[in-house]
Structures are given as C-alpha cells and as structure tokens.
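J.: OK, TrEMBL features for this one:
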DOMAIN    64-136  domain 'Cation-transporting P-type ATPase N-terminal'
TRANSMEM  119-138  transmembrane segment
TRANSMEM  144-164  transmembrane segment
TRANSMEM  301-323  transmembrane segment
TRANSMEM  343-372  transmembrane segment
TRANSMEM  866-884  transmembrane segment
TRANSMEM  905-926  transmembrane segment
TRANSMEM  938-959  transmembrane segment
C-alpha cells in the first residue's frame, strides 16, 4: 500500500485518526446528491461517482470503499448470490438501463426531400413552373396549366415511389441492426447462473466473462484466471491488458482475449465510457458494394450518352424551328406560343436525360440485396455487410469448421479407455461398469480431473433440475462425470483452485493447479490426445497406482486413440501430476504427467449436410474442412459428409505449416481436410488460396483466434450459437443456426442477387436505347418528338423503380446451383445479354419508326386528331413492348420465362398495376399526358405488337453466342495451374 497524501501538498497523513477523517470525507463525497429513493433501496453510492471511479481508474477510492466487497455492500448485492430478480426494475430506475442513445431514424419526409434533390428533377420542376407561367399567359386558365401540371404530377409520382422504397429500406436496416446487437451474457442472479440479454444488465450484476466475450458494461474484476483484455476499440492501444486485483477496472466495449473471470457491474448504458463514445459517433452507413461500384460506372457512361443525345435532340429541334421561322420570314414576330414550343423542346431534352440516367441501377442492387437479406434472415443467416451477400454468389471455395457446423454439436461420451481397457459407455447410469474393475482411488482421481479442470459449471435451476453451462465438449465430459455418480459441488468445495490456464486453440489443452484437502498440490490437464500423451511418462493402473508408461503401452494407447478416431469420435486425454510443495508457485508443469483416461466423444453429422455438400460440388464450389481434431476423426467425418473422396488430400496443420508457398499452391487444389490446424494455419490457407490461386474464399469461424482468417477471407461466416462476439464482429455473415446448409443457402441467394441485377440491366438498357433513338431520329426527321416529357417520365418510372422492384426481387431457383460461380474478372454485361438487348431494340425501333413515319396510312387515320391518335398509339405500343420485355427478362438464357412467375406476387402485381395505370393515363389523363382515348382495335393492336417480343425472344435465345472456349480457361475465369511439361 502507498502512504496516502492529501491534495497536492505532499504531506503524509498521520495514519489512524486522519485516515478515518478522510474516509468520512469520501463518504460524504460518494453519497452526495444520492436520491431518497436510492437510499431507501439500500444503495449508498451515487451513480455518477461510481462511474467516475471506474472511468478514471481510481484505485484509491476503491480501496477506501474496502475493495470490491465493500462496493458490493454499498450496491446492496452479494458477490456469491448476485442481484435479486425482484430488484432489477429498481436498479434500472436509479442507475439507468444498459442501453445507448441512438440517433433518431430519418423520417419519411426526409427521404422525400432527399429524392427531390436530383438535379434533373429540379431542372424539370423549373421547366414545369415556366411552362405553367407561359401557358397561362397564352392559353389562359385552366388549359395553360395542363402541360406543366402533368410534368409536376409525374415528378411527384417518381419522387414518392423512390422515397417509399428508400424508407422501407432504412426500416429494414434498422431491424437488422437490432438483430446484430442481440448479445447474451451469463450472470449470477438469485444465486443461480443464467443467461440474460446485455440490455437487461443492471448495476450490481455479477457477470461471467470467457474468451471471446465483449465486456457488456463498466465494472470491477472480482476473481478469475489469466484475464487478458483487448481495449483497442476504446483506446486504440493494440497491446492487451492483464486484469487482476491490482488493476481491476473493466470497460464496456473491450474484449476478452484470453482467460476467464467474474466482474461486478458498476456502470451501465450512457454513463459508461463506451456509451459516451457511441454518443459522439454517428452510425456509419453501408459502404457501396463492388457490384454497385461496377454499376455506377455503367450508369455514368449511359448518362453521358443520354446527355449527348439530349443536347443533340434539343439542337436539332431548335434549329429546325428557327429554319422554319426563317422560311416564313417571321424572325421578327415572336409570340408566347413560340416560347412555349422552345420550352417544351427543352423539357423533352431534359426528360431524355432523366430516362437515360439509369438511377434504377444502384436502386436495383440495393433492393435485391435488401430483399435477399430479409429472406436470409428468415432462413437463419444474418448478413452484416451488404456486399457479402453478393460476393458469396461468386465463392469458389468454402473452408468450414467441423464441430457444430458439419456436426450437431450435441456431444456425448460414448467410449472410454481407462486402466488399460476400452469400454463402451452405457448412458443409462453406467457407474457399475467402472466400479467393479477399477479401484475407488482411480474413480476419485477421475472425478477430480473432470470436475476441477473445466471451464463449465453444473447449475441447479429453481426447480432443482441440473443443467450444464459451457462448451459442448466440456459439457459432454461433465455429463459423463455426473453419470458415474460424481458430485460437482462437493469436489469443487474440497479442491481449491490455485491457477487455471483456460483452453485455447493454439495449445489445444486446458490445465489447472489444485490444492487437495490433504494439503497436496496436484496439476490436471486435458486436451488433444496426442499432445497430452506426449506430456505423460506414467499411467494409472487398476489399483490406482501410478506406474511408468512403456514404449509398448504408448503405442497401445495411440492405437486406442486412432481406433476411436476412425469411428468419428473426438478423442481427449485426461492426466494429472502430483507436485512437491513449493515448486508450484510459478506455473503449471508441461511434462511428467500420469495418464488417467482417453475419452471418445461422439458428435453426429448434422442432417442435411451431405446434400448441402453435394449441392456445393454441383455448383463448382470446393468444400474444405479445417478442424482442430485428430486427422482420423476428421477424415471419418469428411467421408461421411462427402467432402473427402478417393484421390483427395488430408493433411495435418503442422505439416502444412512447413511447406513453401509454391508447394502450398500445388497442394491446395487437392486439399480437402486439414486436421490439428491452428488459427494461423487457417489464415495461411485462406491467404494462399486467395492470392496465389485467385479463389473467392468463404470461411467459417467461431473462436476469437479465427478473427484474422475471417477478416482475410472474401466472406467471413461466424457461428451464431458457438461463435464468440469477437468472431461475429469480424464476420460478414452470422450463421444463426450454425448449420452448413444455411451457408449453401447464402451462396444460392448471392447468385440470385447477381443474376437478378443482370436481368434488370438487360431490361433497362433495351428501354434506354429505344427511348433515346426514337425521340432523336424523329426529332431529326420530322421536327417533333413523339414521346412527350410526361410520357417519358412515366416510362422512366416503369423501367427504373418498378422494373427494379419486379426483377430484383425474384427468389432463387435450384438451377442457380447447377452452374459454375462467376469469376472475379468476368464482365457484368455478358454477350448473351447483348444479344438479347440488341435483338429486342432493333425490333422495337423498327416498329415504332415505321409507325412514326407511315403510321397514319397503315392505321387508316384521318381527320384533325389523326396526329394525336398516332402519337398516343406509339406511346401505348412502346409501353406494352416494355411490359412484355420485362417478362422476357425473367430468364436471360432459358426459353421458359413463365416458371415461377405466378408464385411471385411482387412481379405479377407490378406488371398488372403498370397495365392498369397505362389504361388510366391513356383514357382519362389525356389533358396531362398529351394522349387521346383509343379504340379497342388500336388497344388490341398495341398489345399484339408488344407480345410479338416474346416469340422474338425465343428466336434470339436460339442464336448461339460465342462464349470463351472451355479449354482456354477454367470455369471460374482463371488460368489452370501449369502441370507436367508446361511448368518447364
């Protein structure tokens, strides 16, 4: 202890009386401003004061409060029993809830306001206002209003549809964000250990922390082993901090890197340092996905072409108008109708830009991804980053864990080797099988090994039912101990834990140092069989004596381990070592152990995994199993799942580590199983596959040490049940049910997103080309544009927003998983798409131009309204061409475009509403849209011309497209590795 000094005077305090005086001051300070309600509830410390003790690492005040026990007393809580459930509401009232203030979500009107900021729309609004002004001056009320009002109504419609889709999107992301933050921690309440949401934590809660957890609130360390905390998210300091009695402060938002411990929660919610930090940070939006970036490029190019056409159209129309005026010698006479004409030309030109700029492209990507995310959420996959969904469609390889992903993670001990004999475990209370043949001393040592050397706990709930909290492997061993009639609580009470080295995936073992009741010190260790066996030089015989372990016995034990492993059992060894007094001070020994038993744990393969692996192979995706288990166990499970076949390679992590980069690149294409791998091996495997072999790699991970591999991979998949918070933070997708089949589902949806957007681009480019060309050619030839500003805005709405909604929300079909993945370098608009686009554009342009120039003769139109009827008919035909082309676009390559169409109500709904609205525009909104009602014959003719696009699409799809020769490239667009003479 340091001598206490007062203020900055450096005077030492006389110890006794003044110390009490100081404590009185502290007492006044600590209780200052404490509410009456808090005092009545038995709390003797002000929440803000408590927060400042932890935040400023104020060890002095903590000592004056008599440490963590004193603090617990002031918070009216017992360190052993935890908070009473009945007090939770009171604590939340006084100390606040464990929630952070969130920025209020954007309102719907904000989205409307943002949609109005589109430059082209602003120009059109100005045009509309001027048009109303000029129109009223020339044609009077109400006729002069119609043109301008029509444009304003169309703009209103475009803005509302855009705002609604963006708003719905933001609500969905908010929901997703809530899902991301669902974290549970283990606390002691009412004397029992239980799981609660971090949002329900209160000041005074006793929280259990283990590797990979995020510290859920500010607090003070009570007890634990090797607790190593990573505070980089708070301080930026990358070196982890050791937490122990002299440095007991834990801050919310930091992560447990190693060890385990218990903490007393002192500060929650906005009073924590993390809460204050969160307040200053606003929630960052999603980054653009690679596909959005690609499509923004496409959109810019198309926009520029549209701009060029718009300027040309305006110039041609204006020059023709001026030439006409010159020919009539009317250059000096300008009327307001001339001004209106020029204004209309300008509005048409601006509208051409509106139609040409495919703002629907990024929208389609976002819609498609958001739709996929929502559906995947129902299918137990939480997509944290939008781009992951899309990248997963191109995945060429999935590196998966075994335990919990390919297997059910419900483990039971099914075999044990003890005292030289292997036995089947009878799960209906099989104590006798050990009792008769094994001495009581062996049983005692076995119970000590099982119940002291564990990170799990056996707890009784209120009804007295026993449950085990901890990892599945630990739980299986504890369950076995209880099955043999062991008493967890009793063993823990008589054996005092001195030191614990928790399990980690580098060492693949867990060790403890224990003081036995008779005063002896004993070390226990358990872990990967080969590793523990190497540390043993003795073995327990049936009489309970520790006898030397001969070479022959070692090879017998290895045979037992391999025998268990070949039956797809996970094997673990249990060992102990008695230590002479005094030598245990520093560390747990690494060798000289006595082998107690070898345990075989059964973890059955998940139902549906075999089919999922088969699907992957058919889709050109390689599945590799990367596991920390014994190689024989790994091979047995891999064969059962269909991952490992004849000719495939299985290797151990240590062997893989020693290979050169070139050797690895030769190995990896055949490598299907990597056993006894460390997280570093996983990282190297992913890195080599990505950089040297140019694979698109998806990786699953659950432990803290998996974070680097998850980060390195193209798509990191964290496990929702077994995964630690650190792994989830590094991942792009969280697999909520830990099931391999869910991962395959994500790949399927990823492909669906990519193809849906291709369909939309094909549809949109066709409309763009036709709309631009028809107005431009017509303007050059006849001096008027057949499609007016309002009509073009309606077409723009059909093809941009509604088209995106219809085509981007198509659900995936099984055929998607029967084609190879899309390569990284492949062009987004394929030759097949160009074939369809060009074919349909030529047909539509030919029909519309013929109608534009000789339509009156063909349709036999006479009279004063012939031009108006013809222009309406051209507009109507154009819209129906797009409606049928939208149906054509449902499949880029296949002839049957109706498959699944009527099951997709979004698509059918949009097509139906487009047709209904088209009828309303033509028949009833003629004053705004410059249309006149058409006879039923003309309506029928419009629909027939549009429908011809469908048989045409069939003909187009029969035209072969020269794709890349299969021999030159592999299916994924990468060059095959050189082999044989090619290497030379």
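Along the chain as shown, residues are numbered 1 onward.
In case you wondered, yes, glycine gets a Cβ from its N, Cα and C as well.
Whatever TrEMBL says is automated annotation, not expert-curated.
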J.: Where does the mean pLDDT land for the domain 'Cation-transporting P-type ATPase N-terminal' (64-136)?
T.: 86
J.: Answer yes if the transmembrane segment (301-323) and the transmembrane segment (144-164) have at least three CB pairs under 8 Å among residue pairs 6 or more apart in sequence, and no otherwise.
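T.: No, since the transmembrane segment (301-323) and the transmembrane segment (144-164) share fewer than 3 Cβ pairs closer than 8 Å, they do not count as touching.
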J.: Which of 144-164, 343-372, 866-884 has the most Cβ pairs closer than 8 Å to the transmembrane segment (938-959)?
T.: 866-884
J.: For the transmembrane segment (905-926), name the stretch out of 144-164, 343-372, 866-884 with the most CB-CB pairs under 8 Å.
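T.: Highest pair count goes to 866-884.
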J.: Which sequence-distant residues neighbour the transmembrane segment (144-164)? Criterion: at least 6 residues beyond either end, Cβ under 8 Å.
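T.: That would be 108, 111-112, 114-116, 121, 124-125, 127-132, 134-138, 340, 344, 347, 363, 789-790, 793-794, 796-797, 801-802, 925, 927-930.
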J.: Work out, from DSSP, the number of helix, strand and coil residues along the domain 'Cation-transporting P-type ATPase N-terminal' (64-136).
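T.: Taking each residue of the domain 'Cation-transporting P-type ATPase N-terminal' (64-136) in turn, the totals are 46 helix, 3 strand, 24 coil.
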